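This report concerns only the one structure given below.
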Amino acid sequence: MTYARITGTGGCLPEKILTNHDLEKMVETTDEWIQERTGIKKRHVAGPEETTCDLAERAARRAMEMAGRSSADIDLIIVATTTPDRVFPSTACLLQKRLEIHGCAAFDVQAVCTGFVYALGVADRFIRTGGAKCALVVGAETLSRIVDWTDRTTCVLFGDGAGAVVLEASEEQGILSTHLHADGRFDNLLHVPKGISTAYSEVLAGEAYIEMKGNEVFKVAVNTLGRIVDETLEYNDIDQAEIDWLIPHQANIRIIQATARKLKMPMDRVVVTVDEHGNTSAASIPLALDVAVRDGRVRPGDLLMMEAFGGGFTWGSALLRF
């Protein structure tokens with residue numbers, strides 16, 4: 001049986017850091033209030049000339065270096081992003097050009113905070129069916145471009161960054177299953193209400209911002225993530241005690257803690273980066289994975305549960321042997 005196995009990870013965070021104390025000077029908020037409700041202490045913000053593809057490229061090169069792979073080896077590129085460099089071509093095509101990779105399929109996936117899990121699921125299916133042997137899967141965002149920095153309910157949450165993995169065909173166990181879902185009935189609870197075909201002038205003027213009904217999102221997210229955890233465990237016929245690490249989307253420490261309780265996992269078996277990164281949307285899971293791999297927590301053979309929830313609503317999970 002052919003599996004899709006992660007052989008390299010990479011991450012990239014912009015140099016500029018925005019702390020909670022910095023935000024205290026911008027909006028009516030406090031460091032204590034932000035930490036108590038979100039767990040976030042700081043977030044990274046892209047520079048004026050820094051783009052999503054810039055971050056994606058750095059993360060991708062680091063993942064390829066860890067995997068020992070060159071541009072000639074990559075035969076599929078998928079970038080999960082909500083903040084592409086251009087309307088078209090895709091950020092994946094722009095990344096392909098920078099990496100001097102020619103001819104393979106390259107496309108973007110847009111599932112907001114669930115984007116990386118969606119992209120991982122797509123790449124897994126390519127590899128399992130023989131459509132690819134060495135895929136580059138990236139989650140990259142510059143959410144600071146679509147944050148209203150006068151809205152204290154949202155501007156404290158989000159950060160910029162990119163994470164990447166190299167996924168290769170292998171006889172060894174890798175991705176065991178992915179589970180992808182969406183329900184568009186909840187679109188107005190978390191969204192950017194303006195787009196190219198509905199409000200082009202506002203988009204052009206830079207007036208398209210994230211809007212969120214936080215309490216309602218929280219309630220749906222906690223219940224939905226509980227269900228996706230059950231679905232993943234049941235599908236693979238395993239007990240939660242067998243999972244070595246939970247690597248969740250880094251949205252909010254309270255949501256992360258709720259999912260950990262569902263799995264009966266102590267927080268020291270949960271990879272948490274939301275305090276340092278904020279919510280980087282599609283980048284959060286691969287960034288967290290890269291941090292945990294490079295600091296030695298996640299080791300070969302570990303069983304990992306990834307789960308995410310995002311605008312749409314979208315949600316999903318991946319169970320994999322690292």
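Don't overthink the numbers, they just go from 1 along the chain as shown.
Backbone N, Cα and C atoms are what each Cβ position is placed from, and that goes for glycine too.
For reference, Swiss-Prot has these:
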ACT_SITE  Cys113  active site
ACT_SITE  His249  active site
ACT_SITE  Asn279  active site
REGION    250-254  region 'ACP-binding'
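In the three-state DSSP scheme, Asn279 (active site) is classed as strand. For the region 'ACP-binding' (250-254), the model gives a mean pLDDT of 97. The number of other Cβ atoms within 10 Å of the Cβ belonging to Asn279 (active site), over all protein chains shown, comes to 23. Within the same chain, the residues at least 6 positions away from His249 (active site) whose Cβ sits under 8 Å from its Cβ are Cys113, Thr114, Asn279, Ser284, Ile285, Glu307, Ala308, Phe309, Gly310, listed in sequence order. Per-class residue totals from DSSP over the region 'ACP-binding' (250-254), listed helix then strand then coil: 2 helix, 0 strand, 3 coil.
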